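**Q** One structure is given below, represented as structure tokens, and several questions about it will come after.
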């Protein structure tokens, strides 16, 4: 309830007054072109004794005492601590240790400790009119009258109210004046608002027109007292200004508001265009303990007023009033642009008031005007000063300024605002680190470490020692006791931390501090070529007290990961031999204490285990940078730390027994593995990149541990490990190259375990995959897209760059001869869909119970002989019918077979590539071992060669490939496994047959390792083979040169033709007769994929898959097929193994050393930042899990360059038909697999929660999410419909008002115009032979004109009569002075004149009566007849009177003459 009361009393006080201390110009003038906003360009920090001011285009910060001395005296010069050219500043204030400076469009901050750091905090969407700073919150009123609050700590904006004209805020209260002239008051607590009360204008003031008295400003004088200003609206474009304002003191008591008008507070007589704003300085307890004294100034006035909570105070003396000066340039009043109070500076004030000689302290009011001039006046109260009760409360003053006491810096624009999340996460357990927890990380596949793992290394280590924006920037020295972290910088940080270890922006990014004793770890470790940079901290008892941000010099100890804490340095721990600039670059570290639980350079490792190596225990043997070897041995580090040096040695790997250690997959689950599996415990020393292998009785698992290794070269172990008879299975989640039972492949989670279907893993990249890649794709813990943004340099999806494989992929030929008749028979049987198990062909299987006579029966006995030289690698054996086998697992064999043995190798029966998978498995189920699946198939083509090199040492392949290529290769791996199985079988059959003669061929000096194009022979890593290391080196060099030659070829087809011609010329006729086309089917299968050659490039509508099958007899592989040596010297037909070194040729390259240096120096943190920054971000996750595109659909297959085996034309037609049909089947399988992959991906839902945040990226949505998308769209439509309806309603109201006012008037005018137009048309009608009657309007006009004419005629006649009388008087004066008759006539004439008037009046009345009677009697009449008659009669009477008068005069003169 509001009421209007009497005027506020104004007291002329003898006590209150202002003491003028001085005035000087300190800043440039605005020149009357002030920003149209509430200028608050002066602020004083009494606690810091500093001031900030802005005027013109300059902002300054300086010492307050120096400013006062400069103003009050002429001797002290003024210097500033900081100054900057900033145009159109509208707001400055102190905020803790910073200064806020704002224009209408942006907010800036200045660090008082680092005055050079002037940065942009945020930019405003709409121009700003008014700002207030309170409790770390900036309250903003913009040009569209929206009131919002900007949190200076989080930069988040929250809208408070709309249609706001003005507001004022204190620490606990927010007052708002709305455009409808209503008031609202809110309680302000911790940034949250709660409405206290609201009221509107009294009914008496409601009558004031809004156009003239619009709401302008509201000011809080006390919690219950307000000052409101109403007046005319001023525009920024106005040239001349005149203010007409009404001010009211509002007191709100017990739910009712009383309005009292005042005329003496800052009377608005300003002459400069200003945005209306009221400045105030509140002094609490200055005179009375509970009363406020408010010093008020207005942007529209040059006077300063005092309000003492009860009345307006005016000093009695004019000299004691505070008035701004008149401009010397324009002779106009100046007005304030900033007002502040100073209560801390010192200086004696002489004669402040009457009766007081000097005083040391007064509240000094600093007033900055629009010309940059600063005036200082001191507020005094004579009685209080004399009585000693004049109290200046500094604490209440600072509290009233609403400045934040915290020294926390404001986040600047462009910084990642991760601190919002970190404040909550910092107090959580370490397992909730976004890079350690399986539930919170973007890599949801991460496994948790054992809860009881005893580690000396912190589990909360971030990816690079610490997160990007948070706790230690480059290094974290974690305290040795349990501690927690808060949202601000911890005061308990070690005093010896280096500068770089301090928080970058005051807070830890992820806020986790280890709860276990931990040692310091470097964020970026030691330098690029120096001490450990990534991860493994020193595990010795004594941690470094302080460390450099980048550790020791650039050329020192290992760069990526290992730290040495033992007394002795490591024997050999090079990642790539010896590093380029010092000690091992990537290698492992040594620890004299227990192994760390997760001593990752990345905190907890990015993929579940340590990122770049942990310290091993007890011994200091060398280890791989990536843990164990890619295929059972250490990855890259040779025994003597020289990979390519003269001391290159090959040591034999050891196969550790399984110790019930479960190495987790470093990649996310595909969804098939249960969460329990994803959380399974791993060994405390598991690490994806750099474990000290086999230094204790308990082996340490590795996420990239493809086999166990004690030390030595990664290649040597891989080469020597092939001699073992241990086998592997396709489709299992255990790595085929791991020597430990529980060691799962890091890439085993690409696909589901399809062992029941007998197919290869769904993640296989092409038709033929090497064993490593096959098992990399079997793990259930990863999805394809998660591999491309790894924080460990994309080691998850390892692919070498596919060099121009579209053109250079060449066919690998078999080494020895094989009967063309036998191969033709085999092909015909396959084409006829004959069950191979039913044929019992001993050449292709081990089914010894049923042997039938065949041209190949001579080789049956040698097939099943035990051999220690098993082929290096095979894809022929898949996971089909694993359940029907019962051979011991490869891990069990690893315990019992430390060296290569001659035990029997049970080969699988033939898998017919042309039969359905079920038929093949039916014929082979009885011949397969559960884990013994050695196959000697080979892979041809550039793509398969690339894969071989990748799989051989998968952990380093990514060092050479572009990330885009890695993504493409991985996307290809999401295809159906059946096609891979289909492509492998044929080569497997041939490899078995060739194995019988390969050994004899080797003894006879025949070459058994050839490389055609990029084709490489593959070998299983967990099979062992003894061979010469020097031969491996030599073959590595040969292969390196052959790869360079192959990359220079222009096209694949031309190179194949050329090599085919050369091979035909070099080899014997017998070799030419043995080369059969069916051995090259693997080329068809290999090259049919989009990245495997020219085949299947459906770039046009009628695209076809081009199969280039070419035979080259110069370079052969033992694995390309089963060879038969018909010579007599071939007494023992065994499987050839000399092609093994080829497998390593693609990985043993000199480039590794350069890549090592590159990895040491590249800013790897960028990749890590993307993970830390976008952790949990829906858009980021949607991008990572975006749906796969539907691959190209091939319409046909094109087979060219078929190498015919037979010379018979009929057989050649059969061969050509077979090749064509097989190619068409291959194309069909490829299309089916592509569609299956697409449908499977569309059917999955990788993101549990989808909101409107990711609706802009529609390509990341899948079909099952359509309902969610529809709901979101419906919700948006509902919101938009509400807005639209409101707009429509508003428009209807405007239209109604327009119709009611404007349209009604227009309608009336149109009706009148239409009436007149119709009348004119009728009047203008030529057919009318008579004059039309006048309309009513015309008749009125006619009547009016006639009446006026009548009046004019009457006046003329009267004038004539008077002239005649004048003439008579003239005659009388001249001649008739003595004649009494003339005088008598003159008098009588005057009397007759009155009579004439009466006669005229009577006639008019009679005429009117006649007109009325005629109007009643006749419908139409001649309106002018009566008037005409009247006028004629009037003229007759006039003439008669004139004649009579003349006659009388004539008679008079006649008689006079007669008398004479």
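Cβ atoms are placed via backbone N, Cα and C, with glycine included.
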**Q** Among 543, 665, 745, which is the one flagged in Swiss-Prot as phosphoserine?
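**A** In Swiss-Prot, 745 carries the phosphoserine label; others show none in the record.
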**Q** Between 242, 256, 721, 940, which does Swiss-Prot record as phosphoserine?
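**A** Of 242, 256, 721, 940, Swiss-Prot lists 940 as: phosphoserine.
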**Q** Here are some residues: 759, 805, 991. Which is flagged as phosphoserine in Swiss-Prot?
**A** 805
**Q** May I ask you to name which of 431, 724, 1419 Swiss-Prot has annotated as phosphoserine?
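**A** Looking at Swiss-Prot, the phosphoserine feature maps to 724.
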**Q** Looking at 214, 819, which residue has the phosphoserine feature per Swiss-Prot?
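**A** That would be 819, per the phosphoserine annotation in Swiss-Prot.
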**Q** Quick one: which of 735, 854 has phosphoserine in Swiss-Prot?
**A** 735
**Q** On the DSSP side of things, how many residues of the repeat 'FG 1' (228-231) fall into helix, strand and coil, could you say?
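**A** Result for the repeat 'FG 1' (228-231), in helix, strand, coil order: 0 helix, 4 strand, 0 coil.
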**Q** Just to confirm my parser: what is the rounded mean pLDDT across the repeat 'SXFGXPXFG 4' (548-556)?
**A** 42
